Amino acid sequence: MGLHFSVLASGSTGNMLYVGTDEKKLLVDAGLSGKATEALFKQAELNINDVSGILVTHEHSDHIKGLGVLARKYDLPVYANEKTWNAMEHLIGNIPTDQKFIFSVGDVKTFGDIEVESFGVSHDAAEPMFYAFHNNNRKLALITDTGYVSDRMKGVIKGANAFVFESNHDVEMLRMGRYPWSIKRRILSDVGHVCNEDAALAMADVITDETKHIYLAHLSLDNNMKELARMSVSQVLEEKGFGVGEAFEIHDTDPKMPTKIQYV
């Protein structure tokens with residue numbers, strides 16, 4: 001079994017990604033309660049006791065809600081950059097010092113046979129960052145919670161065999177929706193979230209012949225729909241000359257249901 005993953009949950013109510021190999025299993029974020037997380041692991045037919053560490057992207061509650069509980073219950077080391085630690089420590093409760101580790105932006109760390117590269121994104125958090133996972137010339141890239149995708153970010157994630165990529169909102173749905181203008185402005189800003197079309201334009205710059213799977217992630221429950229996101233992204237990519245459904249597959253994610261285990 002090579003590098004594989006499951007998007008356990010994705011959306012504004014909670015985010016978690018499982019990444020593993022035969023040798024090592026990791027969790028990125030813990031945005032649901034401990035009980036909900038355990039239920040998702042069972043649903044995905046994964047064993048939470050196999051997880052050997054949690055990587056944190058940033059301190060927003062939909063990414064750390066269950067972090068303290070899981071770290072304490074399963075004696076898991078937690079990795080985050082210094083600014084994120086400072087921002088979230090009062091939110092997650094006490095975690096023993098020997099379980100707290102610094103993973104700085106731009107660093108590369110090795111966990112068993114998985115090499116993990118972190119990179120900064122543009123979001124209204126202390127120092128948000130996401131990850132690219134490498135194993136035996138296979139690569140998985142995770143990028144959500146960013147207002148735009150810069151050339152620097154693209155440089156890290158380009159050529160991944162699989163992407164978990166933010167496709168947060170449809171701009172028209174957001175503009176016409178019930179959110180107050182202050183929240184709309186925040187989502188549309190450079191430190192907010194990427195819309196369907198902008199996500200697709202960024203994808204067009206990082207997809208290569210090696211890319212086989214794209215998972216559309218962090219969809220807004222109020223300002224997007226799975227079918228709309230998939231259609232919008234597919235349309236832009238097809239206009240750019242990509243063979244959606246032939247060269248690679250586009251997949252949905254869900255806030256309450258894990259995706260099937262996908263090998264990279």
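Backbone N, Cα and C define each Cβ position, glycine as well.
Going through Asp113, Asp124, Asp145, Asp151 against Swiss-Prot, the one listed in the divalent metal cation 2 site together with Asp62, His63 turns out to be Asp145. Note on His58 (divalent metal cation 1 binding site): other Cβ atoms within 10 Å of its Cβ, all shown chains, come to 24. Within 8 Å of the centroid defined by the CB atoms of Asp62, His63, Asp145, the record's divalent metal cation 2 site, lie the Cβ atoms of Ser12, Asn15, Asp29, Gly31, Thr57, His58, His60, Ser61, Ile64, Thr144, His218, excluding the listed residues themselves.
Cα separation, His58 (divalent metal cation 1 binding site) to Asp145 (divalent metal cation 2 binding site), rounded: 9 Å. Counted within 10 Å of its Cβ, the other Cβ atoms near Asp145 (divalent metal cation 2 binding site) come to 27, all protein chains included. His60 (divalent metal cation 1 binding site) counts 21 other C-beta atoms within 10 Å of its own C-beta, drawing on all protein chains shown.
Rounded to the nearest whole angstrom, the C-alpha distance between His60 (divalent metal cation 1 binding site) and Asp145 (divalent metal cation 2 binding site) is 10.
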